[in-house]
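Presented below is the structure to which this report refers.
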Amino acid sequence: MDNYAVFGNPIKQSKSPFIHTLFAQQTQEKIVYSAIEPATDDFKTALKDFFLEQGKGCNITAPFKEQAYQYAQQLTERAALAGAVNTLKLTDDGIIIGDNTDGAGLVLDLKNNNVTLKGSRILLIGAGGAARGVCGPLLAEHPKELIIANRTFSKAQTLTTIFTKLGNISACEFSELSGEFDLIINSTSASLHGEVPLIGTKLIRPETTIYDMMYSAQVTPFNAWAKEQGAKFILDGLGMLVGQAAESFAIWRGVKPDAKQVLNELRHHLAT
């Protein structure tokens with residue numbers, strides 16, 4: 001069997017082994033998938049050992065995505081733009097390729113939920129690594145406008161500079177946001193701390209899709225707040241997690257698993 005893994009610290013909360021085991025069963029691919037937690041200063045050594053011990057590929061989560069970016073011998077275009085790597089693959093030629101499937105996972109989940117991206121007006125809250133990882137794939141869907149709002153305005157401006165050639169992207173202060181949005185994505189970790197980003201309630205209409213990249217067994221604080229403002233269609237990041245994993249699996253094995261089926265099983269697993 002071929003060996004795959006997820007690297008992170010901490011890693012015990014990771015759902016990746018559960019997800020990829022289901023993918024393997026679904027596609028009848030013979031793989032073993034484990035979770036590895038190196039010390040924060042020992043990541044590259046652990047990665048080297050993994051590939052020396054017949055590892056074929058791995059997922060990377062916090063806090064190692066930037067280090068994985070540096071470790072990769074080749075980068076895909078989307079990984080280069082994202083400035084971070086969440087998927088590594090060892091090719092038959094012995095080359096380690098770095099990719100970033102986060103944005104593809106988000107877009108897949110949005111499409112699976114019948115969210116129209118082409119011609120839409122999108123607000124992306126936050127300008128950290130999570131936001132940078134999804135800007136390219138979102139712009140590839142040709143939205144009318146992608147606006148980034150962040151507490152530190154200069155960080156939002158930096159992202160617009162990186163992605164300006166890919167589509168209509170701009171930065172905006174929270175206080176200057178206006179009009180209504182078709183899709184509002186929260187890429188910050190505010191929900192993990194029980195907080196809600198400071199955006200005006202007038203930006204949300206009943207038809208606005210609300211997407212929090214965070215997830216939990218309960219409704220996230222951001223999604224609960226949006227629901228109070230009248231939003232009827234809210235999604236959390238669990239589907240993105242499964243979607244990016246499906247993309248990684250396809251990169252490694254050449255077969256795309258059914259993310260919807262595994263998402264349903266994972267949600268049931270979280271609820272029990």
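Note: Cβ is positioned from N, Cα and C throughout, glycine not excepted.
As the structure is a computational prediction, the values presented were derived from the model and not from experiment.
The annotation in Swiss-Prot ties Ser14, Lys15, Ser16, Thr61, Asn86, Tyr215 to shikimate, and of the candidates under consideration, Asp41, Asp42, Asp102, Asp109, the one tied to the same site is Asp102.
Matching Gly103, Gly179, Gly237 to the NADP(+) binding residues that Swiss-Prot gives (Glu77, Gly126, Ala127, Gly128, Gly129, Ala130, Asn150, Arg151, Thr152, Phe153, Ser154, Lys155, Met213) identifies Gly237. Fewest other C-beta atoms within 10 angstroms, among the recorded positions Lys15, Lys65, are seen around Lys15. Considering only the recorded positions Ser14, Lys15, Thr61, Lys65, Tyr215, the residues lying within 10 A of Gly129 (NADP(+) binding site) on a C-alpha to C-alpha basis are Lys65.
The least crowded of the binding-site residues Glu77, Asp102, judged by other CB atoms within 10 A of its own CB, is Glu77.
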